[in-house]
Amino acid sequence: MGMTITEKIIAAHAGRDYVEPGELVTVKVDLAIANDITAPLAIKQLEKYGIDKVHDPNKIALVMDHFFPPKDIMSAQQIKISRDFAKKMGIKNYFEGQDSGVMHTLLPEKGFVVPGDLVIGADSHTCTYGGIGAFSTGVGSTDIAYIWATGETWLRVPESMKFVFYNKPQKWVGGKDFVLTVIGKIGVDGALYKAMEYQGEAIRALDIDNRLTIANMAIEAGGKSGIIEPDEKTVDWVRKRTNREFKLYKSDPDAKYCCEYEFDASKIEPVVACPSLPSNVKPVSEVAGTHIDQVFIGSCTNGRLSDLRIAAAILKSKKVHPEVRCIVIPASDQIYKQALHEGIIEILADAGCLISTSTCGPCLGGHMGILAEGEVCLSTSNRNFVGRMGHPKSQVYLSSPAVAAASAVLGRIAHPDEVAKYEEVETLITL
């Protein structure tokens with residue numbers, strides 16, 4: 001029996017030739033990561049047991065992104081604890097402020113993750129790195145502390161689900177629409193502890209930004225991980241960012257999947273996830289006209305350069321609706337600088353967008369865009385649970401950057417066709 005890409009990566013890191021779903025294995029970890037919320041908890045565990053050194057400081061990365069810049073005394077203290085720990089342990093991969101960003105955008109951008117890696121993070125959206133062919137998943141702070149101390153962890157080998165997208169997608173449709181369509185189909189618990197593997201010509205046609213978006217939201221279906229087989233696009237993208245050696249893994253033709261789904265990409269419309277679950281997915285056409293108070297374009301899901309390009313292409317020479325605050329947060333300093341260089345920031349600012357330094361910010365209801373009672377936000381982030389972005393009686397819809405930008409102009413949920421001609425902005429859109 002053959003193995004899936006996920007099983008092959010786990011087997012390699014377990015020192016095994018073969019693994020199968022359900023097995024408990026101990027694996028070596030290539031990178032163990034945490035943020036300003038989860039790192040202090042892990043540090044506390046190490047201190048509790050008198051552990052005064054880490055296994056390998058070069059295989060640890062700490063990124064201050066959730067409440068950065070510090071929004072209050074407590075968040076400032078959390079960051080200080082993390083900073084002091086990094087200095088004490090000789091951890092050079094510590095990111096705060098300058099040349100930093102949102103963790104799951106920053107780390108692959110800087111070449112810290114390559115295809116075939118096994119990455120564990122104290123953050124649920126660690127699954128993002130599957131977009132470049134790594135096995136990555138989230139754990140709690142106690143598990144991260146153990147990895148920091150030993151360099152390894154245990155896993156139960158997950159079953160794999162296969163999602164095949166074929167045919168050419170419609171205009172305006174990209175990775176966010178694909179993954180929301182999947183979650184709408186299987187539900188928020190439809191992939192519990194499963195590896196969600198994406199295949200097909202429509203997936204291969206996507207750029208890396210869109211692939212990372214798809215992998216990012218595996219956890220919204222309960223998935224252990226999301227993964228896309230690396231190809232020439234992946235290799236080119238990674239090679240521009242690191243000289244690290246890596247191995248490309250692919251699923252065997254006779255690999256076993258617990259279930260398989262097929263989607264005709266040509267029939268998928270731009271979609272939104274309605275309150276208050278990522279699985280409450282409907283075509284934009286069914287909810288067009290819904291009033292909004294805020295638009296958020298950013299996060300580890302859709303704050304990359306291609307996302308800002310499409311938002312700027314739609315908003316160029318237009319104005320954000322006067323009753324809407326449109327918050328745009330580039331997901332890394334590098335993305336911000338490139339957007340500045342390309343004139344994207346100027347276009348967004350002229351349109352009336354509020355542009356922030358890189359932070360998770362409003363995505364988790366942390367700061368810089370909190371919702372009041374009764375307010376409605378259309379967000380390009382990944383979660384829309386009750387109270388996710390503010391007051392329990394606020395509401396959050398999820399969409400692609402294209403839908404978000406169009407909606408910001410009209411002050412209501414809108415299809416991009418209502419405000420822009422696809423042919424005029426197509427050169428800025430890479431799907």
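Cβ atoms are placed via backbone N, Cα and C, with glycine included.
Copied from Swiss-Prot, the annotated features are:
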type	residues	note
BINDING	Cys300, Cys360, Cys363	[4Fe-4S] cluster binding site
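DSSP assigns Cys363 ([4Fe-4S] cluster binding site) to a helix in the three-state reduction. Excluding Cys300, Cys360, Cys363, which define the [4Fe-4S] cluster site, the same chain contributes Asp65, His66, Val102, His104, His125, Gly298, Ser299, Thr301, Gly303, Ala331, Thr359, Gly361, Leu364, Ser381, Asn382 within 8 Å (Cβ to the Cβ centroid), listed in sequence order. Take the CB of Cys360 ([4Fe-4S] cluster binding site) and look out to 10 A: across all protein chains shown you find 30 other CB atoms. Counted within 10 Å of its Cβ, the other Cβ atoms near Cys363 ([4Fe-4S] cluster binding site) come to 28, all protein chains included.
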